[in-house]
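Down below is the structure, laid out as structure tokens.
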Amino acid sequence: MSSLSEGLTQILIPVAAILGIGFALLQWYLVSRVKLASNDSSNGYKEKLIESDEEEEGVNNLEMSIKCAEIQHAISVGATSFLFTEYKYLGIFMGVFGAIIFLFLGSVRGFSTKSEPCTYNQGNTCKPALANAFFSTVAFLLGGLTSVLSGFLGMKIATYANARTTLEARKGVGKAFITAFRSGAVMGFLLAANGLLVLFISISLFKLYYGDDWEGLYESITGYGLGGSSMALFGRVGGGIYTKAADVGADLVGKVERNIPEDDPRNPAVIADNVGDNVGDIAGMGSDLFGSYAESSCAALFVASISSFGISHEFTAMSYPLLISSMGIVVCLITTLFATDLFEIKKVSEIEPSLKRQLLISTVLMTAGIAVVTFFALPSKFTLFNFGTEKEVKNWHLFFCVATGLWAGLVIGYTTEYYTSNAYSPVQDVADACRTGAATNVIFGLALGYKSVIIPIFAIAIAIYVSFSLGAMYGIAVAALGMLSTIATGLAIDAYGPISDNAGGIAEMAGMSRKIRERTDALDAAGNTTAAIGKGFAIGSAALVSLALFGAYVSRAGIKSVDVLTPKAFIGLIVGAMLPYWFSAMTMKSVGSAALKMVEEVRRQFNTIPGLMEGRTKPDYANCVKISTDASLREMIPPGALVMLTPLIVGTLFGVETLAGVLAGSLVSGVQVAISASNTGGAWDNAKKYIEAGVSEHAKSLGPKGSECHKAAVIGDTIGDPLKDTSGPSLNILIKLMAVESLVFAPFFAAHGGLLFKFL
């Protein structure tokens, strides 16, 4: 028996979630203290950011504040209207796909309402398949709504904080850093706490119907992960196409052709570019990590429900994944205080170490937290389901499973940082390659991306071996949860990047002094690296999550083993390995065609609007925003359809074994492509920033802005944009989503799948 009582478990989990939400609201309040006053002018409500008396001398503070508020308002309106339009489409998708789930799962037993024998807990009766169909659909809708909410709240706080960060930069880099970081923390804690709370409430409510049928209860809960990830896919792809179309258009015409700085207000695509940071890097990333979190929890809960925990109805041991997440919220809360309250940043050089310290502190504290949870929540000995057999496991085995996942995440994070930060030789070598033009820059960047795959893959491989040896499939699911247990901190340092990027853009557009722009650039460069670390975490956890889901799928579909020597499995394997390339081709081409339209529009405005280059007239920002919005909404559908339809078609026509092959193939190739694409793009971006900043003698020899070297770096950065912000990050959703979808539909595929082979 666990030493933690069931009653206490039911109190601790929601208390941790409410604590997380409370802490997020406190951070929001602290950010909002950068004063806002409203005045009702003739053109309606206008925001003004009013500052205290510590700024630079000789600047009209009020005028500057109003300018920043106007720009912030334009970005906020653009981001909100895009997300609302996107969510309208997603609402229709959720309705249609919810109906598909209900029809497919309901038809497993011909829509019968009679109880049936349990699949695993032999000799007992379980609730009818129709109930499973209904509750899986409800869980899917709940997961989708929570995912959308996570992304939307993240975008709201980011657009709320960007101008405040700009204005705080006038007081010093430390103040600006704290504002940006606190805003990121709001998103991190809201997402982690909301995800946990909704999942816990769903389980508690579903239990009222299911009673002792835990097998059916946790099988239907897997719909929560499917809902979270399917929204994340469209959010990531749609947001990624939006942001990169604007970014590529703004860079190619503005920087390369017209030789004007990044975020110059004369550039027509500048508002669309800044809106894109919020809808792609913030809303998309939020939904993505929420999806990983929901899926790893669902995979662990499902495997536990068919193990001794579920069969003997031990609620505390069953809730082990939720207790880990609860402990994660508490640990991340303490970790955040190190960045905002315990250490003050005084110099630019302290920014990146402070962010990296967040990862290390949270990992060390979380290791102790996992030990406490494992000792109190789990019985000393129990059995776990292991492909038809029972594996006897001790509680300390699971401690090592979770800790391995957690530390593998840190290794992936630090490796990503080494390959994408301009403080280290890999990115400096890429910058140096710009001496001989864009071609050598591209060659070096691609080589760096491929090389950066090696250590993360070994880290993932070791985590898989250790966790599977100690805890079978459940071990892998909790290792994925371990990697995501510090999600609040991971997201805080990740969301910090786009907020700083926006802050720099606002400083440039508002015409602030060079000193302030240098401060925001330093924040932004550190943010670029942390964004790459965030993507590394997302991809690493996706690999573990999808493997855990794969194991759960194989168990649920009744496959004894997946033999790659059988033609059914092998054709699945080779087709699955191809899917990430097909998906990447679609998303890259989408960015390319949208960017083409954007380049033409920006050129048209520069050529036809008189006085635009001289700064006498304003460009038509709205037209560029419209081009990005239309392109992303139109182009997100084909890649999304590829991912959502593949498991349904393969499972129905070719059966469960071929689908198992497809899942294994897409996992193996998707992880490699995703890591190399994200790191190549991140390295090219930071190589460009390294040349622009000109901090070291080496960097000065390559610069300044506008030099041939710099132009070659901008071209590399532009090629890398869709790699690092559209294709790379979306691939981790591809591998997770196909696995969780297969798990949800497994009862249908096991009963009616493989139609083609039945006729052949």
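Cβ coordinates come from backbone N, Cα and C, glycine included.
What TrEMBL lists as transmembrane segment is 12-31 (among others). Within its own chain, the transmembrane segment (12-31) is flanked in space by residues 4, 157, 160-161, 164, 179, 182-183, 185-190, 192-194, 196-197, 200-201, 319, 322-323, 325-327, 329-330, 333, 336, 340, 488, which lie at least six positions past its ends and keep a Cβ under 8 Å from the stretch.
Sequence-distant contacts of the transmembrane segment (89-109) (same chain, six or more residues past either end, CB-CB distance under 8 Å): 116, 128-130, 132-134, 136-137, 140-141, 144, 148, 223, 226-227, 230-231, 234, 633, 644, 648, 744-745, 747-748, 751-752. The feature transmembrane segment is assigned by TrEMBL to 89-109 (among others).
Beyond the transmembrane segment (129-154), the same-chain residues lying 6 or more positions past its ends with a Cβ under 8 Å from any Cβ of the stretch are 83, 87, 90, 94, 97-99, 101-106, 108-109, 111-113, 116, 186-187, 190-191, 194-195, 198, 202, 206, 209-210, 216-217, 219-232, 235, 282-287, 290-291, 294, 491, 495, 744, 747. The transmembrane segment feature in TrEMBL is assigned to 129-154 (among others).
Panel annotation: around the transmembrane segment (185-210), residues 10, 13-14, 16-21, 23-25, 27-28, 31, 127, 131, 135, 138-139, 142, 146, 149-150, 153-154, 157-158, 216-218, 220-221, 224, 228, 282, 286, 289-290, 293-294, 297, 301, 322, 325-326, 328-329, 332-333, 336, 340, 487-492, 495 of the same chain, lying at least six beyond its termini, place a Cβ under 8 Å from a Cβ of the stretch. Residues annotated as transmembrane segment in TrEMBL: 185-210 (among others).
Summarising the annotation, TrEMBL assigns transmembrane segment to 318-339 (among others). Beyond the transmembrane segment (318-339), the same-chain residues lying 6 or more positions past its ends with a Cβ under 8 Å from any Cβ of the stretch are 4, 9, 12-13, 15-17, 19-20, 23, 27, 178, 181, 185, 188-189, 192-193, 195-196, 199-200, 214, 293, 296-297, 300-301, 304-305, 309-310, 354-355, 357-358, 361-362, 365-366, 369-370, 372-374, 377-378, 398, 402, 477-478, 481-482, 484-489, 492.
Feature annotation from TrEMBL assigns transmembrane segment to 359-377 (among others).
Remote same-chain partners of the transmembrane segment (397-415), defined as residues 6 or more beyond its termini with a Cβ less than 8 Å from a stretch Cβ, comprise 320, 324, 356, 359-360, 363, 366-367, 370-371, 374-375, 378, 452, 455-456, 459-460, 462-463, 466-467, 470-471, 474-476, 478-486, 533, 536-537, 539-541, 544. According to TrEMBL, the transmembrane segment annotation covers 397-415 (among others).
Among the features that TrEMBL reports, transmembrane segment is placed at 442-466 (among others).
Residues annotated as transmembrane segment in TrEMBL: 472-493 (among others).
Same-chain residues lying 6+ beyond the ends of the transmembrane segment (565-583) with a Cβ under 8 Å from its Cβ atoms: 639, 642-643, 646, 650, 654-655, 657-670, 673-674, 727, 730-731, 734-735, 738, 757. Here TrEMBL flags 565-583 (among others) as transmembrane segment.
Per TrEMBL, transmembrane segment is recorded for 642-664 (among others). Non-local neighbours of the transmembrane segment (642-664) in the same chain are 97, 100, 104, 230, 233, 546, 550, 553-554, 557-559, 562, 564, 566, 568-576, 579, 582-583, 586, 733-734, 737-739, 741-742, 745-746, 748-750, 752-757; each lies 6+ residues outside the stretch with a CB under 8 Å from one of its CB atoms.
The transmembrane segment feature in TrEMBL is assigned to 733-757 (among others).
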